[in-house]
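Asker: Take a look at what TrEMBL says about it:
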type	residues	note
TRANSMEM	34-52	transmembrane segment
TRANSMEM	72-88	transmembrane segment
TRANSMEM	100-123	transmembrane segment
TRANSMEM	164-182	transmembrane segment
TRANSMEM	194-211	transmembrane segment
TRANSMEM	231-252	transmembrane segment
Amino acid sequence: MVRADGSVEKACRHFFQFGIRGIKDVWPFPSQRACKLVGAFVLFEAILQALLPGERVMGPSTPVGNRPLYTRNGIPCFLITLGVYYLLWRERLFNPAMVYDIIGEIYSVLICATYITTTLLYVKGHMAPCSSDWGSSGNVLGDFFWGMELCPRLSSVFDIKVFMNYRLGIMGWAILVISFAIKQYEVQGRVSDSLMVSSLLMLMYIAKFFWMEAAFGCSMDIAHDRAGWFMTYTCVTWIPVVNSSVNLYLVTHPIQLGRRIQARHQTERGERKSLLLTAGWWGLARHIHYAPEIGAAFFWTLPALFRHAMPYFYVTFLTALLIDRANRDDKYCRVKYHKHWEAYSKKVRYKVVPRVF
């Protein structure tokens, strides 16, 4: 994404050309500044999880009958984290664009932190398990990979799996999304609508996750998976890094989605302006909104299988109706917008179904 412009072919060609030396030249290693950034984030999120009040909820019963207790304070943690991050940027106490500049070093720190944390969890599981939900497979690698404890804790309210999954993984994902958007803003003076849409959708998803935080206590990873390398790597490294990779790409590959044609047409009150969209759904077909109507009718008819034609009368009728409507609508718009509709039709060639009609 950073060194090879998002091209796997270019990266492989570089490695094959220069061999091990080529890999060493571009491989990011942990740095002191990356360690400080990650350490400050971990400490801040740990303080929020430990101190912020919230509803106490019971998790599902474990295999030995325990019911872990969790504090539901995800939304306050999320809002405070984003608020503080924004204030640090606004007051110029910290520039989030720096995260992009040393992103490889940060990723390396996360990978190293995965192995350090897993080792500590392995030792804790052997020496100081905090509940009866623990055990050893008798295999060192198996215990290291899958974990020793189901619900390792530092106190009665500080659950380590919840902290790694929710506060580091999901919250770290949100921080990277915002950092990448700020980087593009500082370099280009604006955030492209492609990165804006992607970022907002991700942040909405993350906000929904924290709103439903209590429900995720019943998920497979929290309720059944032990805290080993698999869990630690997934939460600390994989989730924030991979989930935000599209934003990392869009920083230097901005795509403007809002392509449109400005059309003029006459009304009883004079000339008016309209926008004809040439991107998104209406960049695929001029009347794309009819396609899901036909698709819905077909799929709720499909359970009747194909033993008789009669059940397919409605979808056949609807298809004919909407195709006729699309043709009439097209003629109406051609009269209304004149040359602007002609230009639009050249850019968006299909009426209802892309590459079909």
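Yeah, the Cβs are placed from backbone N, Cα and C, and that goes for glycine too.
Note that TrEMBL annotation is computational and uncurated.
Computed from a predicted structure; not experimentally measured.
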Asker: Would you call the transmembrane segment (194-211) and the transmembrane segment (34-52) in contact, using three or more Cβ pairs under 8 Å, pairs 6 or more apart in sequence?
Answerer: no
Asker: Any residues 6+ beyond the ends of the transmembrane segment (231-252) with a Cβ under 8 Å from its own?
Answerer: 1-2, 5-6, 100, 103, 107, 110-111, 113-114, 117-118, 121, 147, 161, 164-165, 168-170, 172-173, 175-177, 180-181, 183-184, 187, 192, 194-195, 198-199, 202, 221, 225
Asker: So what's near the transmembrane segment (164-182) in sequence-distant terms, Cβ-Cβ under 8 Å and 6+ beyond its ends?
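Answerer: The answer is 41-42, 45-46, 48-49, 74, 77-78, 81-82, 85, 89, 95-97, 99-100, 117, 191, 195-196, 199, 202-203, 206, 209-210, 213, 216, 221-222, 227, 231-232, 234-236, 238-241, 243-244, 247-248, 250-251.
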Asker: Under an 8 Å Cβ to Cβ limit, what residues of the same chain, 6 or more beyond the ends of the transmembrane segment (72-88), are close to it?
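Answerer: Beyond its ends, the transmembrane segment (72-88) has Cβ neighbours at 44-45, 48-49, 52-57, 94, 96, 166-167, 171, 174-175, 178, 206-207, 209-211, 213-214.
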